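Asker: Could you have a look at this structure, given as C-alpha cells, before my questions?
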C-alpha cells in the first residue's frame, strides 16, 4: 500500500458573539470598503442565551453585523457542521464555555467578503476556517479578526472544507502522537462510524495502517460495514462480537493493536483495552456512553497498558499556529489525492436548524448534519 511520506513527517509530540452588535468590543470606523455612516448589515445567526437542550434553547435571530476595522475580516459563511462538541457546549458540558448569549458552532468554512486596511494574509474570495473553537459559525455572515482565521484552498470540496478543522485533525494527531506506528501496524477504535472514526480509517489507510473498527449493532449493519470498508477499513465488528472469545483469531493474521482510540467509555473501552498488545496505549477523546473508562487492574499490571486523553483545543494551545496550519495543509493534500473525504453528510438549510439539531442527537445516525447558509 502506498504511504504518504509527508504524513509520517509531520509528527509533533472570543468570544462567539464577536462581530455582532450589540456587544462589548464592537468598534468604530469601517474599513475602506465600507462607509462608517452606512446602515449596519443584518445577518441571521443561531443563538442560545442559556444552556440546555439544543432543540429548545437555540433560536434563529436577526442581528446587526459589526463594522470592519483595520485587522478585521468580513466573511460569508458557506457551510457549518453540527458536531458533538457543539451539542455539549450548548448543554453546558464542555471543556470551555463561551459567554452568553453566544452563537453556536465551532467549525465551518467561509468566504472572505472584505478585509480591513491592516490585513495582509487574506483577500476577498479566499476560503477560511476557524483557527480555534468558540468562534460561532452558525450564522450567515460575521466579522472576525484575521488571526482568528486560517486560509484553506478553495479547490477542495465544500463539505471537506467545512468538516476539516476538528475531526480529521483529531484523527491525525491521535494516530501520530501516542505510538510510533509503522506501516503494517494495527489500530482498534470504537465509534468507528463517527466523523473522527471515518477520518481515522482513511488516514490510517494512507499511512499503511490496518484498522479494526467497532460499531454498535443495528438493523443496517451490513450496509454500514460495506461503507466503512469502502473507506479503507480492514475489519468492521460490533460491540457484541468484540466481547467474544473468537476475537483472538483476528490476531493470527495481523498484529495486536498498539493503539486503541476510545470515544465511548464504559464497557466498550474495557473491551478495547483487552485487545491491546503489551505496552499499548488507549487514547480517550470522547465519552458517548456517559460512563467512566473502566480499566482492569490485571491488564494495567501485566500488560503495562497506558491510558491517555486527547483534546484538540489543548493541542492547539501547546503548539504554534504555524504547526496547526501545517496540519491543515497535510490534510488538504490527502483530500486532493482522494485519500480523505468528508464524512457522510446531510446538508440542511439554516432555517431548518431544528430538524438538524434533532437528527444530530439521534442514535444510529451516521450522516453528519451540515448547515448551509
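Please read every residue number as a count from 1 along the shown chain.
Positions of Cβ are set from backbone N, Cα and C atoms, glycine also.
According to Swiss-Prot, the protein carries these features:
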type	residues	note
ACT_SITE	94	active site, proton donor
BINDING	167, 193-196, 216-218, 285-288, 310-312, 368	NADP(+) binding site
MOD_RES	61	N6-succinyllysine
MOD_RES	61	N6-acetyllysine
MOD_RES	252	N6-acetyllysine
MOD_RES	252	N6-succinyllysine
MOD_RES	267	N6-succinyllysine
MOD_RES	267	N6-acetyllysine
MOD_RES	316	N6-succinyllysine
TRANSIT	1-53	transit peptide
Asker: Since the record lists 196, 312 as binding-site residues, which of them has the fewest other Cβ atoms within 10 Å of its Cβ?
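Answerer: Selected from the binding-site residues 196, 312 on minimum Cβ neighbours within 10 Å: 312.
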Asker: Could you measure between residue 285 (NADP(+) binding site) and residue 252 (N6-acetyllysine) for me? Cα positions, answer in whole angstrom.
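Answerer: Counting only the Cα atoms, the answer is 29 Å.
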Asker: Can you name the residues of this chain that are 6 or more positions from residue 310 (NADP(+) binding site) yet have a C-beta less than 8 Å from its C-beta?
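Answerer: Residue 310 (NADP(+) binding site) has long-range Cβ partners 170, 173, 174, 177, 178, 283, 284, 285.
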Asker: Note down the number of other Cβ atoms within 10 Å of the Cβ of residue 94 (active site, proton donor), including every protein chain shown.
Answerer: 20
Asker: For residue 252 (N6-acetyllysine) and residue 196 (NADP(+) binding site), determine the Cα separation and express it in whole Å.
Answerer: 28
Asker: Sequence gap of 6 or more, Cβ distance under 8 Å: name the residues on the same chain that satisfy this around residue 217 (NADP(+) binding site), in order along the sequence.
Answerer: 238, 239, 240
Asker: Run through the Cβ atoms and count how many others sit within 10 Å of the one on residue 252 (N6-acetyllysine).
Answerer: 6
Asker: Give me the non-local Cβ neighbours of residue 287 (NADP(+) binding site): same chain, 6+ apart in sequence, Cβ-Cβ under 8 Å, ordered along the sequence.
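Answerer: When sequence neighbours closer than 6 are ignored, residue 287 (NADP(+) binding site) has 263, 264, 265 within Cβ distance under 8 Å.
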